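What follows is a set of notes on a single structure, which appears directly below.
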Amino acid sequence: MDSKISQREQWTSKLGFILAAAGSAVGLGNLWGFAYRASQGGGAAFVLLYVLIVLIVCLPVFVAEMALGRNAMASTLLAPVKLAGKNWYPLGILFFIAPLGIASYYSVIMGWTADTLFHSLFFGLPKNLTEAETFFGSISSGSSVLLGHLLSLVLTAIIVSSGIKKGIEKVTRYFMPILFIIIVILAIWATSLSGAWEGYKTFLLKFDFNELRNPQTIRNAFTQAFFSLSLGIGIMVTYASYLNKKSNLPKLSVGVASLDTLVGLMAGFITFPIVLTFGLSDAISESTVGALFISIPTGLGSYGAAGRIVAVAFFALAYIAAITSSVSLLEVPVSSLMDKFGFKREKSVWLITLFLFLAGIPSALNLNILGTVDSIFGGVLLIFGGFLVTFFMGWVVPGKFNEELNDSKVGIKTTRYLKFMTRWIAPPIIGFGLFISVFDLMKSWVS
Ligand code: PFF
């Protein structure tokens with residue numbers, strides 16, 4: 001087993017890692033998740049909480065996950081055991097199961113995205129809200145949803161089966177720059193909309209202090225921060241296990257987190273002007289998970305050919321962002337099977353892909369199931385994982401954490417700051433966020 005682990009591939013360069021990690025982070029969460037969570041209320045308070053959580057707790061979680069992966073040089077299933085013994089196997093198992101849970105429905109949403117893209121390209125956009133709702137109903141049910149789910153999984157599997165350098169790194173190297181270009185162009189285009197200012201105001205300035213105490217806003221902000229940064233489920237553990245010892249972990253995490261938050265905010269600068277220009281606020285808050293797929297095509301539909309081009313660009317952007325995230329979700333369980341059982345990469349990839357296809361069928365066929373699986377796997381489990389990983393690196397193996405910070409050659413002040421945050425600040429704040437999130441989730445089930 002150890003010989004397998006020591007033959008690990010490595011990223012060709014730091015940039016390769018940054019693009020792959022940013023590729024994992026920037027995804028449907030920034031576009032679909034951000035629009036749907038921000039639309040559930042909270043306004044600027046939601047955005048403020050989200051940014052604070054990223055700065056205060058997610059950065060230490062990020063460094064802790066990377067330190068765990070690089071120190072163990074093993075996949076997530078085995079990394080905690082390698083550092084702290086058998087008692088920590090459940091953490092490895094959590095890191096194995098959580099990405100499977102997310103990947104099972106992520107590909108369903110990728111399928112909706114592809115369907116909307118093809119429709120915009122070949123058939124045009126809906127003429128009004130009712131048509132858009134009917135269209136969303138058709139792409140989120142029946143055989144087309146299963147086909148979209150399957151094709152997205154197969155595409156992801158093909159990339160992951162090519163390996164770290166030739167698959168994931170290569171794809172993210174090409175796709176990430178394209179993604180940034182499209183998003184900047186769309187954000188500039190959105191400034192020309194008549195409701196642009198209204199959109200920015202709703203998104204960033206409509207501040208209601210009471211929202212800071214609203215459990216749903218708190219849960220949404222924690223979920224958005226962890227989901228968007230791909231934290232708490234071992235992605236960064238796995239990606240950092242392919243890093244060399246010289247890389248500066250805190251610098252890399254700041255780079256990736258900044259890119260991701262920037263894209264999240266820019267996505268808000270695109271979706272909110274569209275929603276407010278075309279009076280879609282009610283539609284978006286009623287349809288939650290379908291928010292993006294109903295509001296954007298409806299809004300752009302009244303904009304003629306130009307609207308159609310923008311819709312194609314937007315959903316192409318979303319699909320590209322989604323692929324670079326779904327490869328990371330698949331890589332985690334794949335590398336775990338390879339390390340644990342010595343399976344070849346291809347065998348692990350296709351076994352897990354088959355499992356994901358079957359596991360995703362209930363979410364594909366029922367929006368409520370998808371919403372529930374998302375709340376559990378894409379919400380509370382990530383926050384729980386974040387709590388455990390800071391506790392683990394801060395209290396269980398602080399020496400290993402120190403080693404990684406020393407290897408990163410960070411200054412004494414940064415080292416002290418990170419150690420303090422990882423031990424004393426992040427665990428209680430995440431624990432609080434977890435408590436509120438579980439409470440709010442249960443409340444939503446009862447009501
Ligand atoms: N961060 C991705 C997004 O925002 O869409 C999704 C994601 C990928 C979540 C990997 C969690 C994860 F581990």
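Cβ atoms here come from the backbone N, Cα and C positions, even for glycine.
Annotated in TrEMBL:
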type: TRANSMEM; residues: 15-35; note: transmembrane segment
type: TRANSMEM; residues: 47-68; note: transmembrane segment
type: TRANSMEM; residues: 88-114; note: transmembrane segment
type: TRANSMEM; residues: 134-162; note: transmembrane segment
type: TRANSMEM; residues: 174-197; note: transmembrane segment
type: TRANSMEM; residues: 221-242; note: transmembrane segment
type: TRANSMEM; residues: 254-276; note: transmembrane segment
type: TRANSMEM; residues: 309-330; note: transmembrane segment
type: TRANSMEM; residues: 350-370; note: transmembrane segment
type: TRANSMEM; residues: 376-399; note: transmembrane segment
type: TRANSMEM; residues: 420-439; note: transmembrane segment
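When Cβ-Cβ distances under 8 Å to the transmembrane segment (47-68) are tallied for each of 221-242, 309-330, 376-399, the top count falls to 221-242. Highlighted: of the candidate stretches 15-35, 221-242, 254-276, 254-276 has the greatest count of Cβ pairs under 8 Å to the transmembrane segment (174-197).
Counting residues 6+ beyond its ends, the transmembrane segment (15-35) has Cβ neighbours under 8 Å at 106, 109-110, 113, 165, 168-169, 171-173, 175-176, 179, 224, 227-230, 235-236, 239, 242-243, 247, 252, 255-257, 259-260, 263-264, 267-268, 271, 275, 284, 289, 291-293, 295, 317-318, 321-322, 324-329 in the same chain. Here the transmembrane segment (350-370) does not touch the transmembrane segment (221-242). Their Cβ atoms form fewer than 3 pairs under 8 Å, with each pair 6 or more residues apart.
Of the candidate ranges 221-242, 309-330, 420-439, 309-330 contributes the most Cβ pairs within a distance under 8 Å of the transmembrane segment (134-162).
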